[in-house]
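**Q** Input: one structure, supplied below.
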């Protein structure tokens, strides 16, 4: 089917029919949406979703998927009659050390805006693809920092009532790569993020540096604070080496980033693993136990960079970073799920640890 623009039907939003979703996601897989509604303002997001949710409750609308950057989602190939609401509101407001970013804002643009204003706290999260609205959903984190460290509140649309309100961070149940906002299947989200507020450091210093690879790159000690722009540059260099900065010409970046989260296990499981391998197992303290490095587990279980090594395979592990499942061109969501299951099951068979996916899976499952 060819894409057909049909004009504006909902709250002034842009509407098109028969739109391939693959080009709108960083993994570049997905079905053709029956309807794509692009919302450029918060009022449009609210108006469109209220209308569509009313229709769905009356049985007059098929499944509705809400997304923005498409960087942390795998959408099943066979989803039919799908209506997609693309959140594209992108205003950023700075008031002293408080920064409010609308949900559709490109995340890295938020980071840049804060650094340009001399605010620290987000520099370690540079280069992460996707939108500002996705960051609280999975409590985005990298290089020793999580967004929950600086989020004060989130503006939400409650889809059951249509109400819009600011919800304090304390009510969002933030955890490792999760929040109360992620506790639902992708087509049944009870609330949609409209805007996020951050409280940042106006002293001109970065967040405390805790990640060994980053402190080494900067020649600093753990716990020290750096100049935010210098920290950003170091983070981008590290991410680029791992294929974690989007580049249309580099298939290693055609991914959702790390596909599996680092597992948190009981101390005795870590001790068993260390005894089993006879190696120094990378690990970090976690509130509920010991956090292991999923990439290390993959490689020790036989799933090294570039697995399965077949140059004709449409989906392979990145040649730069084993945790990234990449589309080498022409892959489908089914191809991604096959490789993900192979890796998950292989790690479980070797180590007795079941890895969990980091992206939101819509219309597909491991």
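Just so you know, glycine gets a Cβ as well, placed from its N, Cα and C.
So Swiss-Prot has the following annotated:
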type	residues	note
DOMAIN	29-203	domain 'FAD-binding PCMH-type'
ACT_SITE	177	active site
ACT_SITE	258	active site, proton donor
ACT_SITE	358	active site
**Q** Between the active-site residues 177, 258, 358, whose Cβ has more other Cβ atoms within 10 Å than any of the rest?
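**A** Counting Cβ neighbours within 10 Å, the top one is 258.
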**Q** When DSSP is mapped onto helix/strand/coil, what comes out for the residue listed as 'active site, proton donor'?
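**A** Looking at the DSSP assignment, the residue listed as 'active site, proton donor' belongs to a strand.
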**Q** How big is the gap, in Å, between the Cα of residue 358 (active site) and that of residue 258 (active site, proton donor), rounded to a whole number?
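**A** On Cα coordinates alone, these residues lie 7 Å apart.
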**Q** From the Cα of residue 258 (active site, proton donor) across to the Cα of residue 177 (active site), what is the distance in angstrom?
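**A** Between the alpha carbons of residue 177 (active site) and residue 258 (active site, proton donor) there are 11 Å.
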**Q** Taking every residue in the domain 'FAD-binding PCMH-type' (29-203), what is their average pLDDT?
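**A** Looking only at the domain 'FAD-binding PCMH-type' (29-203), pLDDT averages out to 95.
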**Q** Provide the three-state secondary structure of residue 358 (active site) computed with DSSP.
**A** coil
**Q** By the DSSP assignment reduced to helix, strand and coil, which category contains residue 177 (active site)?
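**A** Its secondary structure by DSSP: coil.
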